[in-house]
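Okay, structure first, notes after.
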Amino acid sequence: MVSHGSSPSLLEALSSDFLACKICLEQLRAPKTLPCLHTYCQDCLAQLADGGRVRCPECRETVPVPPEGVASFKTNFFVNGLLDLVKARACGDLRAGKPACALCPLVGGTSTGGPATARCLDCADDLCQACADGHRCTRQTHTHRVVDLVGYRAGWYDEEARERQAAQCPQHPGEALRFLCQPCSQLLCRECRLDPHLDHPCLPLAEAVRARRPGLEGLLAGVDNNLVELEAARRVEKEALARLREQAARVGTQVEEAAEGVLRALLAQKQEVLGQLRAHVEAAEEAARERLAELEGREQVARAAAAFARRVLSLGREAEILSLEGAIAQRLRQLQGCPWAPGPAPCLLPQLELHPGLLDKNCHLLRLSFEEQQPQKDGGKDGAGTQGGEESQSRREDEPKTERQGGVQPQAGDGAQTPKEEKAQTTREEGAQTLEEDRAQTPHEDGGPQPHRGGRPNKKKKFKGRLKSISREPSPALGPNLDGSGLLPRPIFYCSFPTRMPGDKRSPRITGLCPFGPREILVADEQNRALKRFSLNGDYKGTVPVPEGCSPCSVAALQSAVAFSASARLYLINPNGEVQWRRALSLSQASHAVAALPSGDRVAVSVAGHVEVYNMEGSLATRFIPGGKASRGLRALVFLTTSPQGHFVGSDWQQNSVVICDGLGQVVGEYKGPGLHGCQPGSVSVDKKGYIFLTLREVNKVVILDPKGSLLGDFLTAYHGLEKPRVTTMVDGRYLVVSLSNGTIHIFRVRSPDS
């Protein structure tokens, strides 16, 4: 980049897009300069003129159109001079390959001159060798500079040609501009000087430039000073935004961990209370059964004695009654003396007592506080840290701790720990985790960036300028899954990096991602027609060559080969770019999704609503329609992936659903519920446990589904830095790679609830 104090070279002005119109993207024709100093073609400005005003396409400044039209905008003689130089270098007889002499037709009267070998920089004429030898032999031309034509067209004399080049008057062709009218500030030729400006004070151009250059240079120096201040302010603003995003990511992780800890504690309390309730009911039931057995025995004895006495009194004769009177009376008196109805045992009825804070809407377990961040000094030594270091640590120490009997209590780590190490300790049903166990679950064990003790963390540079948007939407709280068996996987930010490389001519448009080798990803950049390799840490590893003219769309890595779709064709190439085979696909859809099977020896591609599977030799192994023939014409799989369990997962834009099917096309599950927020389902990826990660580009989300296709909740949102996510892939079954529309890639580690 050219610094403010240096002057741009003529070669840069001629070779760059400086002479191209930013509207029609062609070389400028009749260039006109707006007051904002942006130059466009006169015809292009006429098309933009609306209601007597023109809005600059670059700076968006609106300027009024002069009453005479856009032709009255100031003519850019500087650009005209550069254009004349470019046209002069490119002119010539294209059929003969060499330009013709401009003087021979005038001297000899022929229609065409001889081949030109030289050029006069003052006359701007091409000359043959004979005319060039005598060109400087006259009083008017003895100071002219004649140079070799080959060197001139190669650009060797551009600087000298510019010095000798005279600007032409637009009103009088052939006349050079020589004067400046001081009252009118208008450039004049000799003819213009004699007409309306005859009585006006005029200066020669060289003298006028010497008089006015110091004022312009002073204004330029003032603007350069403003630019320095603006750059410094922009740098400070970017650093503040990076610190904000870094702190937001840190606080978001803390919120998720705190919410997860509270949920774990609540679930543990639920199990504990339900266990106490079951034990109480079982003990009460056992005691009640014993009492019931005793009462039933007494009842049977009394009922039998009463029945016997009743039969004797009803059916016995006098002698028989009197003979048994003593025995019956004794037994009945004995039974009457026993406690027939003992008082019931005390029965303690369970009652649930809820903490008042659970029902209090004003009780906030999580609360944010906002503090004005102080400017950060670059030369900080040990203990300086980032904005969110000691200050956020002190805030965490001042926060009230959530306590319960035998439950969870979030703890603050020491000041030297990074946010990823400052995990909120939680307890499972059998007890509390130790700090060492919690540290073992951080991404450091997987090769992530290690924290810098006491100094500025490395990851600030990774955050800086990466995440483009932070939504005001609250961070999603992942709850228990549908069967109630624990929590969902949650994301842990790993790294972020851009995919635009120095050799790219255009901004990347990532249309495909796939894992490639150990801890690498392969990126299909359709805009730059490249398959780029990156490590999980964002290191650029080069490219996999593709056939000339191919724009890779979707990509999948197989055993020692790469499959990708491009322009209704399926290609299989080796890592060196050699084409193994290609297959023509249906033209009925704009793009074809490609996915590798778990075995790595076959590739699946979506074609007009069905799935075709090819082996390494290019033979069609199988073909099926999700849902069978009954679904013919009813499917449109735009995104496709496979699961470690051997299932196919696709985003069906015709049914607006996510469909899961086996290798025979039998539908295992399908989701088309309100969790899609009315969006078309986007890219899909599957982790090692079968969880499905679905991208919803319109709402900046990645949601998670269970292996059967039931929606579980949000996994990533705009809070995590997502801005129009495009495609995703899963690496090693635990790293979710997400590409954004601006070419940036975010990587999140998928942390399972039982880890």
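Just so you know, glycine gets a Cβ as well, placed from its N, Cα and C.
Feature annotations, courtesy of Swiss-Prot:
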BINDING   CYS169, HIS172, CYS192, HIS197  Zn(2+) binding site
COILED    216-314  coiled coil
COMPBIAS  392-404  compositional bias 'Basic and acidic residues'
COMPBIAS  419-447  compositional bias 'Basic and acidic residues'
COMPBIAS  453-469  compositional bias 'Basic residues'
MOD_RES   SER475  phosphoserine
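Recorded features from Swiss-Prot, shown on the structure.
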{"residue": "CYS169", "record": "Zn(2+) binding site", "CB count, 10 Å": "18"}
{"residue": "HIS172", "record": "Zn(2+) binding site", "CB count, 10 Å": "15"}
{"residue": "CYS192", "record": "Zn(2+) binding site", "CB count, 10 Å": "21"}
{"residue": "HIS197", "record": "Zn(2+) binding site", "CB count, 10 Å": "17"}
Q: Determine, for the Zn(2+) site, the additional residues of the same chain whose CB lies within 8 Å of the mean position of the CB atoms of CYS169, HIS172, CYS192, HIS197; present them in sequence order.
A: GLN171, GLU175, LEU177, LEU188, CYS189, ARG190, GLU191, ARG193, ASP195
Q) Where does the mean pLDDT land for the coiled coil (216-314)? A) 88
